[in-house]
Each structure stands twice: as structure tokens, then as C-alpha cells.
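Summarising the annotation, Swiss-Prot assigns topological domain 'Lumenal' to 24-41, 121-144, 192-215. The transmembrane segment annotation in Swiss-Prot covers 42-62, 100-120, 145-165, 171-191, 216-236, and the record cites sequence analysis as its basis. Residues or ranges marked as zinc finger in Swiss-Prot (evidence: sequence analysis): 292-333. Annotation source Swiss-Prot lists compositional bias 'Polar residues' at 452-474. Here Swiss-Prot flags 560-589 as compositional bias 'Low complexity'.
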């Protein structure tokens, strides 16, 4: 259930009447009744609430006389600002705890009362530009409000000043600065009202009104920032830091910053409009809708309509007024600086592309006169190169849309350098990688062994002699060590080539290690360990026989010509084994010899089955 204002007013009046009647019934006289009311906290709370209700009723009466019915935007702004002012008042009560009294509370309520009329006057003057009809009653109301507010602000500022001089520093400093800031607001509202009045008297639109409004806002915000700064300094010297003035001080600084930026950006936009935006011709106006969306009037060639970077056309004077507040297109809200920066970025990109092409040509010319990098190893590594022609695209080439093809990519091997020795040409090029399962790294065969040229009487077997750099001229050496763009690009390209070579070598070593299996060394029991070890039991022999087949997949060093049984295995073994048997049979025990024969028979039988 929502409590209405009428119910609150009626309840407050009834509670006040009951409180006063109770005091007179108890004390029977006027003076004792007043003392009783002033000493009772409950009675004073009821009287305070009744005073707030009376102030609210007076505000509603003056509002209806001076402003009439409020618009929705005005009521919303008034409500928001009132809540902020109430919170700031509560913070001010905490700062001035020693000066807290009934008079102090009444002064803050009166300050809030006058602030509300300042806010309403500001919003109502701003509505003048958007109102189609301005009546004589509106002018009478506004002039009355501005005169009354100016007189009240001046009176309270002078009262606070003289009170501070005669009685010393007190809470009156706060009220003096608050009314001084309100007086600056009255001055701002008066300037806007006069500018709007002058604009309404002219039959045509006044182009310079926005300029004056912008400079007036900058001037008033500067005054407010100076007042808040001076107030903070005085409060720090006299009392303490004014915490309740932080929010309005921040808002004033931000408004000053915004006004300063608006002045700069508006001047830049107007200069750009006069110098860079083209004037639309009569043929273009005839081929399009010639209605200006700002003023809703027909555009003609005499009015010099301007075309924005987004291709929308408006009156020059309409754009001048529009650019005073914002630098966007009135139709599509495109930032005019963004469009200009986009065009400039396109030109810069074209220039950069041309510079890169020139740098590549210059780098190629510089690299052509240098000796090849590692001529003996250049053919051993594959470099991903783009084949000539669109028809020569390989399966691993980039697909449409700029995405790389499926892995593995096709590798194109760079040709061998022209100054390579002849015996290096006999080495065949590395074969293509063997196909493997999809998604796996391609299997590379081991690198081919270098073939030695057996031709006699040729001098190609000697390695090439390193080139002599003493024949280079001073100009060529300076070009090689230069700090120009072309030299830096050539160095970066050489570093990239080195990285590609290193990565290719690492890749081939990984592939070689993956393809080549690791051959485990066969464990052959030594003679000394067999002599010292006691005869194994049947369980140990069985466990050893179970462990031996686990390594049967690895290649063995024992070879046989034909499968044989365990009884004939010793006779078909290698000569080394046969020759070693008679020499060790005399030193081994029969049990150890039997174990040895079983092991040899087991190994030879598995190799024969493989």
C-alpha cells in the first residue's frame, strides 16, 4: 500500500495538534507548555515533521504559481537532484556536529528549498529552444523567478560574509559558498534566457547562438570550479575536509573538461566543414531528397549544402550549429573524424604497401650481391615455397579463403646454389616423405649417404675456397652495414632463413629418431658370474624362460640356417659359441652347463621360428 502525500499531511497535522493539546492540558499555561514541548524529544520530532510538511506545501504553492505543471523530465531531474542534496546535507551534519541546532537544520532546509527552484529554472529555460510557442506568461514567470533567486542568493552570501567577519569562522562559511555557487547558476540561466530571447526575435536562425552558449558554459563551469577549490582550501584551514562537497566538485571539474573539449572539437569540425567537406551541386540535389533533416527545409545551391564523409547532405549553417555540441552525422550518427581517419588510413595503407614492395625489391638486389648462406647445406633442407602459376597448386597448398591445407603440407625443396662444387651434385636430393596415417607426422627415410666421386685427375674433390671480401668496395660495405630500411629488412630476412634452417634440421632429426627403432643390447651372462652363482632351481629356470619371450620382438645376434630342436641347437650355433664351449665345459659344473644349454636352445629356437 502506497502512502499518499495527502495522508501524510493529514497525519502530521493531527499529530501536531494532539501534541500541542496534550502539553496545554498538562501545564494549563502557555509558558510552561512551550518549555514542556522544547524539552520533550517526541514533541520536538513531531514539530520538526510538521515544519517539513509546511515547507513542502509552500514549495508546491510557489511551484504552481511560478512554473505551473512540471514536465516528466523536469520532475525526474528534480527528484534525482533532491536525493543527492539530502545525502550531502546529512554528510554536512556529521562535519558540523558542534553547530548542530534547530536553526542550523532550518538553514539547510531553506538552502534545499532554494536549490529546487534553481534547478527548475534551469530546466525550464532549456525547454525554450524546444518549445514551439513561447507565451507572455512564460516570460513574466521566468523574469520573476530569476530576479527573486538572484536577490535571495546575493542576500544570503552577504549575510554569511558579514556573520563570519563579526563572529568568526562557523558553519556560515558553508552557506555562503553554497549560495555563491547558486548565484553562478542564476547567471548561467540568465545568459541562456537572453540568448534564446534574441534568437526568437530574429526571423532567421541565429548561427552564432551555439557558440555563445558554449563559451558561456565554459565560463560558468570555470567559476564553479574556482569556488569549490577555494571553499575546500578555506575549510581545510578552518575546520576539516568538506566531504559533502566532493561529488559536486567532481561534477564541476568534469563539466569544465567536457566544455573545454567541446570548444576545441567544435572549432575543428567547423574548420573541416569549411575546408574539406565538398559542396553539393545542383545535379546531386536533384537526384536525391533535398530536405535537410536538421531544419526540415528544402536545400538549394545558394545555401551551399555540405556533404559529410558518410554521404549525407545538410545545410552549412545547420551543420555549424550541430557541430557545436557533437561531431557526428545527424542521420546515421557516424563520427566525422572516424570517416576521415578511415580514408586517411586507406591512403596510408596503400603507401605502406608500396614501400614494402620497394623494400623487397631493394632487399633482393642487396642479397643478390652477397655470397650464399651455407652453400653446402642449402639443398638438405626444404623451404615451403609457392609454386609458380595458379595451376601448379599442390595438395598441401593454402586453400581458398587464406586457410592452410591439411597437414602434412607439400614441401618444395630449394634448388642448389650455382657455385656449389661438382662432387656435391652427385648427392641425390632427399626423397619425399613417406605417407603415413592421417593426422600423423610424415615419416622421413634416413638421409642418403654422401657418394664420393671416384673420378681421377679432377680437382672437384677439393672443397670450395671461401670468397674474398677484400674486393668489395667501400660503398658496398657501407650498404651491407647500413641502417636504412632496406638493410634492416635484409637482415631480418637472413635471420628468418636461419630459423627455418634450424627448425628443418630439428624436424628431420625427430623424424629420423621416430623411424629408426632402438636396438636393445643382448644380455650375455659372463663366465665369472656363472661360476660364482650356485645352481639355479627349477623355479628360477622357469621364471627366466618366461621373461625371455618378452624381448623376442627385438632383433637377436644369434642366427641359424634352419630350424632345429633343443638337442641339435649347440651343433648349429655360430663358431664362436662352438669354440667357446670346450674351453668352459671343464670349469663349469654340470648344472650350470645344463642351464646354459637350455638358454641357448631357447634363443636359437625362437630365432628359427622368426
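Backbone N, Cα and C atoms are what each Cβ position is placed from, and that goes for glycine too.
Remember, predicted model here, so these are calculated numbers, not experimental data.
Regional average pLDDT for the topological domain 'Lumenal' (192-215) in the model is 84. The listed stretches are 42-62, 100-120, 216-236; of these, 216-236 has the most Cβ pairs under 8 Å to the transmembrane segment (171-191). A contact between the transmembrane segment (100-120) and the transmembrane segment (42-62) is present, since 3 or more of their C-beta pairs, 6 or more residues apart, lie under 8 Å. Shown for the zinc finger (292-333): DSSP residue counts in helix, strand and coil, namely 10 helix, 6 strand, 26 coil. Tertiary proximity for the topological domain 'Lumenal' (192-215) is limited to same-chain residues at least six positions away from its ends with a CB under 8 Å from its CB atoms, namely 125-126, 128-129, 134, 139, 142, 146, 259, 262-263, 266, 295, 317-318, 320-321, 324-325.
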